[in-house]
Ligand code: ADE
């Protein structure tokens, strides 16, 4: 998979060199490049923002640096030798994710869907966001997906991009050593994960539930499923199907 991230704070994305994502890059499973939006400006001050039409607080990101940056990202894709890669309706169109609190909510199902794509591009906005025409312009070249990581407001798209890239990349086959861990975690089956324990069996007066020491795999599986239901009902009742 190829991932490009465009940001005015490329240093924010340095964490993508670490841990599982860093290893995926080193092993060639992931080809990830971070681009500085200011490299695509033409004025002496490398300006990326301007005042909003219609008034209001804050600044808006100018469209032209984005068009230049996204065109450069596409040119690095194989250019004229791969024209089908950017035509409307082609499965291989790159996906442009625009992190925004006004986007569709990014869920585990979204991570699975995006883990299947060849090329993801993240456009990290700052200030009050990116001029709306960038998404319209980009829709001729990309599948554009404004995405929110939750109902709260961050200062920009970088932290949201880190979260989404991590959630997606760990699902690429070969990135996680033991694929079994992907099927037993929260959200894999629509429920929250059951509680986990390790040694010692008794710690500071707190004991591991007896059933987990029983060696009875059927009982353990039933107990874990009950725990998932109880936990989900307590913490995330919205995830449970409505009573029939
Ligand atoms: N940018 C600012 N807030 C955001 C959020 N909640 N999700 C994605 N991008 C954002």
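Glycine too: its Cβ is placed from the backbone N, Cα and C atoms.
Predicted automatically and left uncurated, TrEMBL annotations should be read as such.
The annotation S-adenosyl-L-methionine binding site is assigned in TrEMBL to 125, 149, 150, 151, 152, 153, 154. DSSP assigns residue 152 (S-adenosyl-L-methionine binding site) to coil, not to a helix or a strand.
Confidence in the domain 'tRNA methyltransferase TRMD/TRM10-type' (1-240), given as mean pLDDT, stands at 93. The domain 'tRNA methyltransferase TRMD/TRM10-type' annotation in TrEMBL covers 1-240.
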Checklist entry - Can you tell which of 149, 153, 154 has the most other C-beta atoms within 10 Å, given these are the binding-site residues? => result 149
Checklist outcome for this item: Taking every pair from 125, 149, 150, 151, 152, 153, 154 (the record's S-adenosyl-L-methionine binders), the biggest C-alpha distance in Å rounds to 17
Item to check | Cβ neighbours of residue 150 (S-adenosyl-L-methionine binding site) where a neighbour is any other Cβ within 10 Å | outcome: 11
